[in-house]
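Trainee: Features from TrEMBL:
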BINDING   5, 6, 7, 8, 9, 41, 192, 210  L-glutamate binding site
BINDING   105, 107, 129, 133  Zn(2+) binding site
BINDING   251  ATP binding site
COMPBIAS  312-321  compositional bias 'Basic and acidic residues'
REGION    308-327  region 'Disordered'
MOTIF     8-18  motif ''HIGH' region'
Ligand code: GLU
């Protein structure tokens, strides 16, 4: 059976862009009779809040989504909050360590910023790690560790992987072009890349649908799946939602939040209607129910570029422009 998931990080309120992704992930599974899992990616305690986690779940339910497994309903592959899954991440690290695929990195933030950017377009927006600490001798590692707690990096195998994406087709990439990445930070927090792979594998997720901003993570995650002896999922990277000015939605503008819309009297069907319009599942903006969209869902209609809200959908959702809201 196909299994999908929505994996929000509870760092703020659910905004219309997050809701768009959640609805697409839910429709993708419900339209084929697949299972759907909700997982709270609350591993970074400094950034995540449990009141946001509760609120995100409530907003998703209010929109009409349901899940077969999740933090509040349990399930056979739990726990469904990353904070409670630390032993699983430890075990994965031990496995990678045992295979000689991890090394401690002592580089400072300043040293990391100096490195040249990655050669591959896909990784162009982030500095590529030079691999400086990869070749330290055991003696050097011990002496450095006396002064600094290291992060742990994954030695990315220099081997091409194929990202299978239901919207973008197949992309061949060598994840080593992006450099070795961190799997546990110096402060001990497990990195997103590791946690997400361990969780999706443990939760038997066959389909990862998420925002297109995470596309460059897919090759890295595939190399981790391989290193852990797991089969990677099929990906679907859906467009990001932009405001009427073409900017990414900001969590700081409260009017982007589903909760704010609800409080100003906007009905869930209005929000679902705008989402369906943005996803090209309807040709006009009108209230819609999730059950009618299940019938009509067709991934091939989804645009590959970011989708932009227009004035009329913003008005329907009682959204205000960021500039005005910031004052
Ligand atoms: N927790 C991530 C986020 O909220 C999503 C991770 C994923 O879908 O792979 O951006």
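Any Cβ shown, glycine's included, is placed from N, Cα and C.
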Trainee: The residue listed as 'ATP binding site' to residue 5 (L-glutamate binding site): how many Å between their Cα atoms?
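Mentor: Distance between the two Cα atoms comes out at 22 Å.
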Trainee: Compute the average pLDDT of the predicted model within the motif ''HIGH' region' (8-18).
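Mentor: Across the motif ''HIGH' region' (8-18), the average pLDDT comes out at 96.
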Trainee: The record lists 5, 6, 7, 8, 9, 41, 192, 210 as binding L-glutamate. What's the largest Cα to Cα distance among them, in Å, rounded to a whole number?
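Mentor: Overall maximum Cα spacing for these binding residues reaches 16 Å.
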Trainee: Going through the binding-site residues 6, 105, 107, 129, 210 in sequence order, which have a CB under 6 Å from an atom of ligand 1?
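Mentor: Checked binding-site residues vs ligand 1; flagged 210.
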Trainee: Enumerate same-chain residues with a sequence separation of six or more from residue 210 (L-glutamate binding site) and a Cβ-Cβ distance below 8 A; give 'none' if the list is empty.
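Mentor: When sequence neighbours closer than 6 are ignored, residue 210 (L-glutamate binding site) has 7, 21, 25, 235, 236, 237, 238 within Cβ distance under 8 Å.
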Trainee: Closest of the binding-site residues to residue 133 (Zn(2+) binding site), Cα to Cα, picking from 6, 8, 9?
Mentor: 9
Trainee: Around the L-glutamate site formed by 5, 6, 7, 8, 9, 41, 192, 210, list the extra residues of the same chain whose Cβ is within 8 Å of the site's Cβ centroid.
Mentor: 39, 40, 196
